[in-house]
Structures are given as C-alpha cells and as structure tokens.
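Pulled from TrEMBL:
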- 36-179: domain 'Alpha-D-phosphohexomutase alpha/beta/alpha' (DOMAIN)
- 209-316: domain 'Alpha-D-phosphohexomutase alpha/beta/alpha' (DOMAIN)
- 325-452: domain 'Alpha-D-phosphohexomutase alpha/beta/alpha' (DOMAIN)
Amino acid sequence: IKYFYGQLNPKTKEQIENLLRNGMNKELRDRLCCRMTFGTAGLRSAMGAGFCYINDLTVIQSTQGMYKYLERCFSDFKQRGFVVGYDTRGQVTSSCSSQRLAKLTAAVLLAKDVPVYLFSRYVPTPFVPYAVQKLKAVAGVMITASHNRKEDNGYKVYWETGAQITSPHDKEILKCIEECVEPWNGSWNDNLVDTSPLKRDPLQDICRRYMEDLKKICFYRELNLKTTLKFVHTSFHGVGHDYVQLAFKVFGFKPPIPVPEQKDPDPDFSTVKCPNPEEGESVLELSLRLAEKENARIVLATDPDADRLAAAELQENGSWKVFTGNELAALFGWWMFDCWKKNKSRNADVKNVYMLATTVSSKILKAIALKEGFHFEETLPGFKWIGSRIIDLLENGKEVLFAFEESIGFLCGTSVLDKDGVSAAVVVAEMASYLETMNITLKQQLVKVYEKYGYHISKTSYFLCYEPPTIKSIFERLRNFDSPKEYPKFCGTFAILHVRDITTGYDSSQPNKKSVLPVSKNSQMITFTFQNGCVATLRTSGTEPKIKYYAEMCASPDQSDTALLEEELKKLIDALIENFLQPSKNGLIWRSV
C-alpha cells in the first residue's frame, strides 16, 4: 500500500484510501497482491489503482524493468534508443491516459540517458514496430488496449526485430520488473519529454516512410485513380482516420468517406456498445447507414488502434455482408498470390513463397498453398508468434506474402511485422476496385475462391467467464474425461480422431504424441479433430476474460453443398458447447452481441 501512497497521482491514491476506509480487504488483496503478466498482446488490464492494473506506477515499474533488461542485452542501448507510441484511451477516474503513460515511459528512460523516439501524437499500433525497425532502436512500447472495453489499457512491447516479444524475453522482463519496484529518482519527471535533448519525435519521418513502403503492395494504381467505387471508413473513435486517408491517397484513391460521429478520438467510445469491429453489424450500424446514404458499396472499419480491419459489402438484395476474419483472409490469400504471380520476376520460385496463419484460424491458406505450390505454416495464437516466424523465414531468404489471425488481424507484405489495419484497408479497396472492372463483387469472388480450393466454413464465438478456477476446471475435465488422463473420444455423437493440447504439449496425431507447436503452459488450449473433417479449438483469451471456441469444416472442391456443411458444423458446435463447456452448469455468460 505504501507505494500507492507514495504515488503522485491523487486519483489512484483516493481509490486505495476508499477501499481501506470501507474495509474492502478482498478487493485490496486482489489489486495489490498480484502483478500483470505478458499475454498474447503484452501487459493488458483495467486502468486504476493496484499492481495488477494499468496506472502511473505499474507503467513506471514496467519501464524500469525494461531498462534493466535492455541494458543487459544491448551494449549499444544508449546509442540506439527506444520507441514509444500511444493510442487515444483515457480514464478520468484514475487520471490515466495513454498519452500520459507514454510520457512516463519516456521519462524513465530519458532520466537514464536513453534516447527516446516519442511520437508527438497518437499513432496506429503498427507504427511502433515499424519505427523500431527503421530507426534501428533496441525495442519499443505501444500504450494501447486495442479493441478492449474502454476501462482497459495496455503496454505492448516490441523487440529490435520489430516483432512483439516472445519467451524468454517476457519472463526475463517480468523478473527485472520485480527487482525494480521502487521508482527511481527522475522516473516521475515527465517534464523531461519537453526538456531533454535525447527526446526525438519520429512522427513525420516514420509516417512518410510507412506510406512510401505501402507502394510495395499497390499493384493497380491506374485502376484505383479511375474507380467509380465509393468507400466508407470508420475509425471507431480511435487513431485510424488520418492514416487511412493518407494510405488511400498513396494508392491513388479518392479519400474514403469518414463516419463523422466516429472520426475523432473519444476514449468513451460513445457511439458503440463495444469498440470491437469484429462484433459485426450491430457495432457497424452508423457506417452502414452512412454508406447507404452515400451510395457506397464497401465499408471499412479499423479498430481503435488501427491494427485490425473489418469489412462489409452491400449486396444486391439491399442487405450487408459483413465478412468474418477467415473470409477476408481467403480473399487476401487469393489476391496476394495472384498479384505475386502477375508481378514476379522470371527466376522467382513459388517454393520460396510462404503464407502464415495462427492455428485457430481458417485452413483456407493451406488449401490454396497445396494447389498453387507455395508453403503454408501455422503458429500459436497471437501475432507475436507470426512476427517471430516471419523473421526466421526472411533471414533464410524466403518471401512472405500474407499472414493472418481470424480475429480480423491481417498483414500484407512484410514492411511491418505485426498486424496492420491501415494497409489491410487500402488493399481491400484495391481488390474491390479491380474486381469491379470485371463486374465481380467481393462476395462473388469469395465463392470463386471456395469453389476452386474447397469450402471452408467456420464459426468463432466466445463465453465470458470471470472466475479463473471455473475456466481451469472446464479444461481439466477435458483432460480427465471418462477416466484420469484420458481425453474424450466423442463429443455427443461426433467421433474424435485426434486431440492436441497446447497447454500440456500432447498431440495424439504425432508418432511421439508431442505437439509440434511449442507448449504454452500459461494459457488453456485444446484442439479436437473430428472424423467428419471438422477441426474445433477451445482456448482462453490472452487479453480478456473469455473462453473462445473456433470450429471449421474443411471440404474438398468437389463438396459444394454448403447448406449440408453448415448444418453439420452447427450441430457439432451445439454438441461442443453442451458437452464440453456446459455453460449452465459453469455459469458462463453467452456472447451478447
């Protein structure tokens, strides 16, 4: 408690005093007796007082730990420097904003004579890993909670490679944080960002270089200049507006029509139930209505930190088709390979080409790869694993065209090594305007992709669960289903062919029964392969209190009865929920949107 009394932020101090005064010992314990750990997107938690929350003190402590670890890893740390970016989140009740936390992050390092590249205004998350690479910094931090609820914030760390940190860096940084909990002299001095000669603003340089690099994935600028298609873009009250406008200009498009109520930053996300465009039509209401009014056929939505993209298309019957992440990935996969084929040099070898996806994402890229002759690989969930694998491939002279995760995270090309909603938005626009010249819609092209490579019908959803012991017992029951150390052989009437448990490292499909993907002990994740060809995964979210489920029917090109495939998938998901998750018994909260 003494640390929070020693804080210079009266709002968080007041929160602790109120808990003390009201004898709320359990909540005090919860807030003060555990520390945040690195999930799939760095440190992420609610803003407020406590060591397991995001606030001035925990950000200072995290940065002190970062400093200690980076000093150990890089002898040239003080020559190369560190990048800091932030989104537009904020919370009045704890005097916590992304900008303030970014300034404190910079202050800790400036006080230790480390050059800091601090963006002078909010930026898309991908700008931080991009800047780390371009400026040859040792690392970078983005203060963001992406599409989480408005109460949350986060601390996302990138290594010198421009990819998010993975093990062992995350564990070593946490150890260093534990050794540096007392704020150092100067750590609170955020005036340093205005006075230190070591502070630099990379905004204009990085923005210019990023937009220049975008040209590498622009293939039809002449068509874009002439297109009659109109686009609506919503930035979901976040950072995306200015950057998407610039990207459209680079590609030769007229500017997309912005949703006026959602164009400017608003930390309350006041026009949406939740700031996650992945939730579909219900959160895209304003942009869809504006598109109808403006006669625009395509709606593009970047999430609040502009690292993810949702897209919708007006259909002939007047309804909107909101594409899932897996459907957009099928289109991106087709497009990026088609553009590669048409633009490749004479000696380019298709066997040198790669696409990647996380293991809970659609296997459509695998089907395209098998037919076209390039390589497909999958990684653990989280773009940090994709970024890390891309680095390995690039170092070995391979070419990576596209990577994705089903939760609308896409990466076209390799200028950035993290998901990027800005580049994805403008690539979808180019794809749509190219198809328009042949009178083909995105939806029609998606059908063509499925007809050629096989239908991949998937569904992803989640339950909310705020009780960690309940989550643990659900997964432990699956590991000891009919008898100890026995996984289920059936789910209802559906026979299970193979089980892979990433938490324990077990995989029944491998000769040695060991998972090829690395073990991830800190999160729960089990995948079932069924005899009918369906693959289903249950896992905990790395950023929110959710149990997610993913299921996909992968059909061969000769199986075109989609109604039958959809019916089979629906029955299997119902069985999965009823038999494995047992929402009523476990008090799980159904997804409301």
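We count from 1, first residue shown onward.
Glycine too: its Cβ is placed from the backbone N, Cα and C atoms.
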Kindly state the mean pLDDT of the domain 'Alpha-D-phosphohexomutase alpha/beta/alpha' (325-452) in the predicted structure.
97
Please spell out the DSSP helix, strand and coil residue counts for the domain 'Alpha-D-phosphohexomutase alpha/beta/alpha' (325-452).
71 helix, 22 strand, 35 coil
Pull the DSSP breakdown for the domain 'Alpha-D-phosphohexomutase alpha/beta/alpha' (209-316) and write it out as helix, strand, coil residue counts.
42 helix, 17 strand, 49 coil
